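> Sharing a structure here in structure tokens format.
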Amino acid sequence: MLFSKVIAPAFILLGAASAAPGGLAPENASKRDQPSVGDAFDKYNEAVRVFTQLSSAANCDWAACLSSLSASSAACIAAVGELGLDVPLDLACAATATSSATEACKGCLW
């Protein structure tokens with residue numbers, strides 16, 4: 001029953017779309033209009049470089065900050081696992097993160 005009502009029409013539609021003249025790509029599209037993987041990688045590297053410059057300009061030591069926030073990791077991992085369904089657990093995560101943030105996070109978080 002499922003094959004005749006869903007799967008067979010899906011295969012017919014797929015066959016008709018792939019047999020369409022010119023395919024489904026717009027006629028005026030060219031390779032030049034599509035971003036390449038190299039361009040995306042260059043943009044990613046530029047974003048990382050800018051982030052690194054900004055964090056170093058703010059005297060942020062990410063390694064020290066993350067190690068100081070490790071005390072709140074258990075509460076926050078549990079809160080993320082609940083996907084926002086347990087509000088008290090979310091509040092506990094926020095409370096432990098703000099209380100365990102030390103001077104190491106001064107340039108990173110505030």
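Just so it is clear, glycine is given a Cβ too, placed from its N, Cα and C backbone atoms.
Take a look at what Swiss-Prot says about it:
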- Cys60-Cys108: disulfide bond (DISULFID)
- Cys65-Cys105: disulfide bond (DISULFID)
- Cys76-Cys93: disulfide bond (DISULFID)
- 1-32: signal peptide (SIGNAL)
> What does the structure give for the C-alpha distance between Cys60 (disulfide bond) and Cys105 (disulfide bond)? Integer Å is fine.
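A Cα-Cα distance of 7 Å.
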> Name the one residue among Cys65, Cys76, Cys93 whose Cα is closest in three-dimensional space to that of Cys108 (disulfide bond); these are the disulfide-bonded residues.
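Nearest by Cα distance to Cys108 (disulfide bond): Cys65.
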> If you count Cβ atoms within 10 Å of the Cβ of Cys105 (disulfide bond), leaving out that atom itself, what do you get?
20
> Whole-number Å distance between the CA of Cys65 (disulfide bond) and the CA of Cys76 (disulfide bond)?
16
> What three-state class does DSSP give Cys76 (disulfide bond)?
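Helix, per DSSP.
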> Using a 10 Å cut-off, grab the number of neighbouring Cβ atoms around the Cβ of Cys60 (disulfide bond), all chains included.
18
> C-alpha of Cys76 (disulfide bond) to C-alpha of Cys105 (disulfide bond): distance in Å?
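Between the Cα atoms of Cys76 (disulfide bond) and Cys105 (disulfide bond), the distance comes to 17 Å.
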> How many neighbouring Cβ atoms, not counting its own, are there within 10 Å of the Cβ of Cys65 (disulfide bond)?
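There are 19 of them.
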> What residue among the disulfide-bonded residues Cys93, Cys108 has the most other CB atoms lying within 10 A of its CB?
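Result of the Cβ crowding comparison: Cys93.
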